[in-house]
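Okay, structure first, notes after.
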Amino acid sequence: MAFGKSHRDPYATSVGHLIEKATFAGVQTEDWGQFMHICDIINTTQDGPKDAVKALKKRISKNYNHKEIQLTLSLIDMCVQNCGPSFQSLIVKKEFVKENLVKLLNPRYNLPLDIQNRILNFIKTWSQGFPGGVDVSEVKEVYLDLVKKGVQFPPSEAEAETARQETAQISSNPPTSVPTAPALSSVIAPKNSTVTLVPEQIGKLHSELDMVKMNVRVMSAILMENTPGSENHEDIELLQKLYKTGREMQERIMDLLVVVENEDVTVELIQVNEDLNNAILGYERFTRNQQRILEQNKNQKEATNTTSEPSAPSQDLLDLSPSPRMPRATLGELNTMNNQLSGLNFSLPSSDVTNNLKPSLHPQMNLLALENTEIPPFAQRTSQNLTSSHAYDNFLEHSNSVFLQPVSLQTIAAAPSNQSLPPLPSNHPAMTKSDLQPPNYYEVMEFDPLAPAVTTEAIYEEIDAHQHKGAQNDGD
């Protein structure tokens, strides 16, 4: 089984393996040919920039070997100058600059002064930008943070050469006049160049920085006095103007931090920029809270309007008003109908009774208008039982109900008996032909309101035979 390096090892890639060999401590001096070969691989492969940066991180991370660190810095310098934006954009990230290069400045690594100055020079030069639109905001942030901590950056070789030329020119031709101090907006030099301010320029710069400080104090006071949702209109207008001016001044301060060489001026610029940035962040937070409160008020207003309006038109709602009452006949109409029906021995109920009655199940039949009608006991009991049931006023008029007609029955006292009568035999005396009178029967109508059939069945019970038998016994 062959043992090899893991794919997670940065040295396992082709470019990583070359970087490991070129920066090994056993190498006597920089192999520039090998360095150029590494640059070619970075430029010609898709994963070359990423793999190269990973290998460089591993070489300088927690490395106490000064020889390997020096060789690695030389390789980094050559790759930055000869590789494209894909490599440059990775090398200027905070992850590489702050987590690897800046940590080498820790005293525990005990780096020589020339190596420390080389690292600081890298950070300062990269913060000034690259051609091709490479984002250097992260390395610039690291640079400003180091300046704020009081780290002194050495002048670059170009700056040292320019300073020597200016010194020689001043010594040969002393100036006859003092240049006018430019404003803050004019103390901006082109990229990859620095500016050495004269005392007049420094004084002018301090006066403009004082104006920026005053604007910051005014912005802070307005933000403290106003509350989102109940702010003063005039204060908000002034705050917007100060915010716009502060944004412009912040951009100029950032440009000055890159080109100005005076350490005292740089420290003051950093402090003013920090105060201005806090004021700008406070204004943006105030604006967000203001927008949120406006949206909440708008939503509450819409919710109030929604609850105050009916959810549906009134014509679509259920009509719970009482139903219209049935038309009633007047007293004159009742008298006229009584006169017309007098010949039929019918009479209409009085107006008082009519007013207290509900509409009957079948309005076309007025059962209460019958007079002198003999109602059998069975029908009376049935009517008493039915009165306790519910009356359905809305029963359909075209129902196929069969109405029971009252039947006149003879009232004959019968002997009380608790048992049902047995059927008469065929040879019973009451069934003989000599009997002249036919037997009398009670006609009992059996009515079941829940039965599905529409016909009724009559049950006949012979009573006369019982009576004849009793009379015959008495005669004997």
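Start at 1 and count along the chain as shown; that gives each residue its number.
Glycine is no exception: its Cβ is also placed from the backbone N, Cα and C atoms.
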Feature motif 'SH3-binding' in Swiss-Prot, mapped to one of the ranges 86-90, 151-155, 421-425: 421-425
Of the residue ranges 38-41, 78-81, 402-405, 442-445, the one that Swiss-Prot records as region 'Interaction with PIK3R1': 442-445
Annotated residue, phosphoserine, per Swiss-Prot; candidates SER314, SER351, SER360, SER388: SER314
Per Swiss-Prot, the range holding region 'Interaction with GRB2', considering 140-143, 268-271, 392-395: 392-395
Range among 32-35, 112-115, 456-459, 460-463 that Swiss-Prot annotates as motif 'SH2-binding': 460-463
Overall pLDDT of the domain 'VHS' (22-154), taken as the mean: 90
